[in-house]
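K.L.:
In case it's useful when we look at the structure, here is the feature table from TrEMBL:
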{"type": "BINDING", "residues": "9-13, ARG103, 154-158, 184-189", "note": "ATP binding site"}
{"type": "DOMAIN", "residues": "6-231", "note": "domain 'Phosphagen kinase C-terminal'"}
Amino acid sequence: MKNDQILLTSRIRLARNIQGYGYPGHLSDEEARELTEKIIDVLHKRDDFWTFYPLADVKPLKSLYDLEENRISMQLMKNKDQAGYFIGEGGETIMVMEEDHLRMQDMRKGFFLDEEYERMKEIARAIEDELPVSFDNKLGYLTACPTNVGTGLRAGCMMHLPALDTLGMERLERSIARMGFVLRGMRGEGSKIVGHVYQISNERTLGLSEEEFLKRAKSITAEVAALERIKRKEMYLDHLIELEDMARRSYGVLRNARIMSYEEAMLHLSHMKLGIELSVLSPKKDFDLYDLMISLGKAHLQMERGSFLDERSSNIYRANKVRQLIKEVF
């Protein structure tokens with residue numbers, strides 16, 4: 001089995017709210033502006049560099065681009081009049097007026113939960129040193145949604161799980177649910193599963209310390225990756241013809257299609273990636289599945305093309321890019 005790319009990204013997110021202000025959705029525009037200015041002042045005192053984007057001033061294509069980059073959420077985009085977001089020099093994001101006053105996150109390719117946690121704790125401490133946060137001695141940090149009360153910490157990873165998805169996820173979902181974790185689509189709660197890519201994170205933030213949640217996240221991620229490898233071996237040993245057919249069929253579609261939706265492209269790229277990693281396809285070079293997940297999004301295609309693309313034009317342009325990829329890889 002070749003070097004696999006099961007673990008795509010890791011992410012730490014912290015939720016915080018400031019005392020004396022209602023939750024987003026219950027603030028006047030003036031209160032939201034006042035609180036945002038306070039947060040801007042705190043971050044501008046730091047040595048690192050942050051760029052603030054008021055959502056009302058951001059062009060729709062730019063916000064969709066950052067959504068595809070997993071920098072911001074759909075929930076943030078729903079509060080366009082009051083919300084905004086910071087992007088740090090290291091790619092970190094702080095969403096302002098999403099579901100909570102502050103959603104601070106660091107997401108990186110690979111597996112860097114410890115480093116991401118330390119970075120977000122540093123940012124959170126800097127804000128808490130300057131602004132009083134909503135905190136209860138028994139419950140912990142107070143948040144708009146009860147599932148975030150406590151540590152306010154979400155620790156998780158994005159994983160490519162084609163073998164588990166093909167052979168059945170139900171047992172895994174039940175198992176990690178007992179540990180307080182949940183499987184979702186790559187955009188989080190309510191999002192579709194695309195290209196066999198799942199986001200795994202803790203469902204609640206109460207009952208354990210931040211360090212214990214972090215330890216559990218690392219343990220569960222390692223177990224899921226190990227189980228995916230077992231299922232891949234099972235596919236290779238017990239279902240080789242079906243595996244070869246799936247991978248080669250997807251290769252054929254990607255090589256020849258002239259129009260392709262995002263979901264279809266990701267499904268076939270997932271099958272082809274699995275075929276490469278299980279040595280049933282022999283490319284000249286490998287490709288990065290996560291990078292393609294991002295770059296084949298509609299906003300990214302429009303940014304690259306430098307013009308508006310309707311759905312049909314996006315699907316045609318995406319198919320062109322995929323055919324070019326096939327030429328380079330094979």
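From the backbone N, Cα and C atoms, a Cβ is placed for every residue, glycine too.
TrEMBL annotations: computationally assigned, not manually curated.
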K.L.:
Count, for each of the binding-site residues ILE12, CYS157, the other C-beta atoms lying within 10 angstroms of its own C-beta, and report the residue with the smallest count.
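P.N.:
Minimum Cβ neighbour count within 10 Å, taken over the binding-site residues ILE12, CYS157, occurs at CYS157.
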K.L.:
So what's the average pLDDT for the domain 'Phosphagen kinase C-terminal' (6-231)?
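P.N.:
For the domain 'Phosphagen kinase C-terminal' (6-231), the model's average pLDDT rounds to 94.
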K.L.:
Which ones in the same chain are close to GLY185 (ATP binding site), with CB under 8 Å and 6+ residues apart in sequence?
P.N.:
SER191, LYS192, ILE193, VAL194, VAL197, TYR198, GLN199
